[in-house]
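Enquirer: I'd like to ask you about the structure that follows.
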Amino acid sequence: MKVKLADKHGFCFGVKRAIKLAESHQGGITLGPLIHNKKEIERLKNDFGVTVEESVENLPRGSEVIIRTHGIPKDDLAKLTQSAEKIIDATCPFVTKPQKICEIMSQEGYQIIIFGDINHPEVQGVMSYSSSEPIVVMSPKELFGAKLKEKVALVSQTTKKIEDFLGVASFLVQRCAEVRIFNTICNATFDNQEAARHLSQEVDIMIIAGGKNSSNTKQLLSICLEHCQDSYLIEDESELDPQWFTNKKTCGVTAGASTPEWIIERVVRTIEGYKG
């Protein structure tokens, strides 16, 4: 089986930075999973003794705490400063951008609109920086009936599709007197999506490697399905099904921003061993 790897794929700058920080603080505790990839979280635990704690209240006093790439709510950060021995901030710089924007714009009287998943830890963190209650939506439809103010500021979860973000922006521009639009979608996310979009039009089957709880990985699957019906999301090579590749000649492979290279290499090697 011939395999084509997307030009842009895998670990982004923010994830690489976070992994290095975790590896250099052996025995540290991350507040929530550092990244959305179970296999890499297991590796950090086994090789570096880095464990995960979901709640600030359950952290042992005097701990060395690593803040996840997605950031944490403002209140949790305040609690950490009181209880942790040391705080290692692995929040992706692209995530701190919408946090700061929400803080500043809400203080200036703008109503904050966040395009993203309200249940995602990144969005929950960003929400906490707004001094007034923000509106969080996944589509323009969710804004129908919302009490929009004359002045609004729009930001996006960093891993969303630009087309969907622009749809929300267009809705607001047509209904509000003043709209401040901040494109907070990460450059690496955009590049990975574009590479996946192009590759999925050139192959018979697409494999997307990444955590099934990863927002950016699910976006890659959505994009690939637009152009290649035989697109599959897997966490590692063990989830590959040889029957998927029957009568296929070329397979495209991409990976989410939290997918380590060692998983990608195993996936590619396994697929190369299949007969179409």
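Even glycines carry a Cβ here, placed using N, Cα and C.
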Enquirer: Taking SER156, SER258 as the options, which does Swiss-Prot list with HIS36, HIS70, HIS120, SER214, SER215, ASN216 at the dimethylallyl diphosphate site?
Expert: SER258
Enquirer: Taking CYS186, CYS224, CYS228 as the options, which does Swiss-Prot list with CYS12, CYS92 at the [4Fe-4S] cluster site?
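Expert: As annotated by Swiss-Prot, CYS12, CYS92 share the [4Fe-4S] cluster site with CYS186, chosen from CYS186, CYS224, CYS228.
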Enquirer: Based on Cα coordinates, which of the following binding-site residues are within 10 Å of GLU122 (active site, proton donor): CYS12, HIS70, THR158, CYS186, SER214?
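Expert: HIS70, THR158, listed in sequence order.
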Enquirer: Taking just the CA atoms, what is the gap between HIS70 (isopentenyl diphosphate binding site) and CYS186 ([4Fe-4S] cluster binding site) in Å?
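Expert: One finds 12 Å between the Cα atoms of these residues.
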Enquirer: Counting only residues 6+ apart in the same chain, whose Cβ is under 8 Å from the Cβ of HIS36 (isopentenyl diphosphate binding site)?
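Expert: In sequence order, the residues whose Cβ lies under 8 Å from that of HIS36 (isopentenyl diphosphate binding site) (at least 6 apart) are GLY210, GLY211, ASN213, SER214, SER215, THR217, GLY256, SER258.
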Enquirer: Hey, what's the Cβ neighbour count for HIS70 (isopentenyl diphosphate binding site) at 10 Å?
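Expert: Within a 10 Å radius of the Cβ of HIS70 (isopentenyl diphosphate binding site) lie 27 other Cβ atoms.
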Enquirer: If one measures from the C-alpha of ASN216 (isopentenyl diphosphate binding site) to the C-alpha of THR158 ((2E)-4-hydroxy-3-methylbut-2-enyl diphosphate binding site), what distance in angstrom results, rounded to a whole number?
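Expert: Here the two Cα atoms lie 9 Å apart.
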Enquirer: Where the distance is taken from Cα to Cα, which of the binding-site residues CYS12, HIS120, CYS186 turns out closest to THR158 ((2E)-4-hydroxy-3-methylbut-2-enyl diphosphate binding site)?
Expert: CYS186
